[in-house]
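Beneath this line is the structure, given in C-alpha cells, with notes to follow.
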Amino acid sequence: MRRYLKTVQNHWIYLAGALLLAGCNLHLFRGVAPSALIYSHDAVMAGQWYRILTHSLVHVSWYHLLLDGSCTVVLLRTMDIPAPVKIGAALFCQLSSLLFSVLFSPLIRLTGFCGLSGIGHGLMFMAGILWLFPKKQEQPGGRGARIFGGLFCLLSLAKSFAELYTGDLFLLSSHQGYLGTPIIHAHAGGVIGGGAAALVMRWMDRKKTAIPVDKLRSQPY
C-alpha cells in the first residue's frame, strides 16, 4: 500500500511539474521572447519576488525546454527518495544557483536569467553523492552504483568549474542561438546547492538512526 501511495504521489508531482512548465512557457507557442516570469534584477527589487521561484521554469526555446526538462526529470527519477524531498532538493538547488549567479555573474543584471540547468547540475551532483554514500540501513548498491555516483560527482563538478575558469559554456557552439545568453555561474551554484542538500539528507539520516544515550546505558556489558 505504501509503495502504491508513493507511486501515485510521484505521478501527481510530475504532472503538476509538467503543467507548471507548460504555463510558464506559453510564449514559445506565440514565438515571442520570455519576459514576465524570468529573473530580472530590477523587477525583483521593485517587488516582483515571484520571479525568484518562476525563473527556472521559463525557457527561451523549445530546444532549451527539452534539454533542461528531460535531464531534470531523468535525474529526479534516479533518486530513490520521497517526492517531497525531491521538491525540496530542487528548490534548494534553484536558490543556490540563483544566489551564486547574482553574487558573481556580471551578466545577470543585464540579460536576466531563466532555465532549469542550474537545478539539473545540482541534482546530478546530489544523485552522485547519494549513490556513493547510501543510508546505513540500505543495502549498498554495489560497485556499479558507486562508480556511477563517482562519475556523476566528477562530471558535474568538472564541467561547472571548468566553465567558470574558461568563461564559456561547455559545447556552446552546438547550442548557439538556442539557449539565449548563458549564465555560467548558475551551474556551479547548482552543484554547491546539490552537495549541501545531499549532506543535509545524510546528516538527518544519521540522526534518525542514532541510538539514544539512555538505550546505550541500558545495554548489558
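Including glycine, each Cβ sits where the backbone N, Cα and C put it.
Just so you know, TrEMBL annotations are computer predictions that nobody has curated.
What TrEMBL records for 12-32 (among others) is transmembrane segment.
What TrEMBL records for 52-76 (among others) is transmembrane segment. Within the chain, the transmembrane segment (52-76) has long-range Cβ neighbours (under 8 A, six or more residues past its boundaries) at 14, 17, 20-21, 24-25, 28, 33-34, 37-39, 44, 86, 90, 94-95, 97-98, 112-120, 123-124, 127, 175, 178-180.
TrEMBL lists 83-104 (among others) with the feature transmembrane segment.
Positions annotated as transmembrane segment by TrEMBL: 110-133 (among others).
Residues or ranges marked as transmembrane segment by TrEMBL: 145-162 (among others).
Under the heading transmembrane segment, TrEMBL lists 182-201 (among others). A Cβ distance under 8 Å defines the sequence-distant neighbours of the transmembrane segment (182-201), meaning residues of its chain 6+ beyond its ends; these are 81, 85, 88-89, 92-101, 104-105, 107-108, 111, 113, 115, 117-126, 129-130, 156-157, 159-161, 163-164, 167-169, 172.
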Quiz item: Under an 8 Å Cβ to Cβ limit, what residues of the same chain, 6 or more beyond the ends of the transmembrane segment (12-32), are close to it?
Solution: 54, 57-59, 61-62, 65, 69, 73, 83, 86-87
